[in-house]
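Asks: Mind looking over this structure? Questions follow.
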Amino acid sequence: MEFCPNCANLLQFGLESGNGRFRCLTCPYVCFIQNKAKIKKEKILTKKEMDIIVSENDGLERMAHTEATCPNCHHDRAGFYEQQTRSADEPATLFFTCLQCKHKWNQ
């Protein structure tokens, strides 16, 4: 990325008669690129496969445990974690998993 030395805005790249140039869209600054420069126009990124770090069963064993009544089987212990699901000014959501029947619920 190149920035305008006059007004500090981002310069736009363009080709003029086969020659590359950077120009400012705010002020009249133009900078022509020498022929020695190599310009890459496009790079295709490929998405890598994700590795499973913790399986669902491993996660339950590693979760913090608390006293919480399961709405499914009424067991009194559950694993839990907290996650921010809305904007930062609202409280985080608690997600529970029953240690007995593996039922999931949130608060």
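Using N, Cα and C of the backbone, Cβ positions are placed for all residues, glycine too.
Relevant sequence annotations retrieved from TrEMBL are reproduced here:
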BINDING   CYS4, CYS7, CYS24, CYS27  Zn(2+) 1 binding site
ZN_FING   4-27  zinc finger
DOMAIN    66-106  domain 'TFIIS-type'
BINDING   CYS70, CYS73, CYS98, CYS101  Zn(2+) 2 binding site
Asks: Just counting, how many other CB atoms are there within 10 A of the CB of CYS7 (Zn(2+) 1 binding site)?
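Replies: CYS7 (Zn(2+) 1 binding site): 11 neighbouring Cβ atoms within 10 Å.
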Asks: Would you please pick out, from the binding-site residues CYS24, CYS98, CYS101, the one with the fewest other Cβ atoms within 10 Å of its Cβ?
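Replies: Each of the binding-site residues CYS24, CYS98, CYS101 was scored by Cβ atoms within 10 Å; lowest is CYS101.
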Asks: For the binding-site residues CYS4, CYS27, CYS73, which one has its C-beta crowded by the most other C-beta atoms within 10 angstroms?
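Replies: Answer returned by the neighbour count: CYS4.
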Asks: If we check Cα distances from CYS24 (Zn(2+) 1 binding site), which of the binding-site residues CYS70, CYS73, CYS98, CYS101 wins as closest?
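Replies: Answer for the nearest of the binding-site residues: CYS98.
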Asks: Give the distance between the Cα atoms of CYS70 (Zn(2+) 2 binding site) and CYS4 (Zn(2+) 1 binding site), rounded to the nearest whole Å.
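Replies: Rounded to the nearest whole number, the Cα-Cα distance is 61 Å.
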Asks: Check CYS70 (Zn(2+) 2 binding site) against DSSP and tell me helix, strand or coil, would you?
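Replies: Once the DSSP labels are grouped into three classes, CYS70 (Zn(2+) 2 binding site) ends up as coil.
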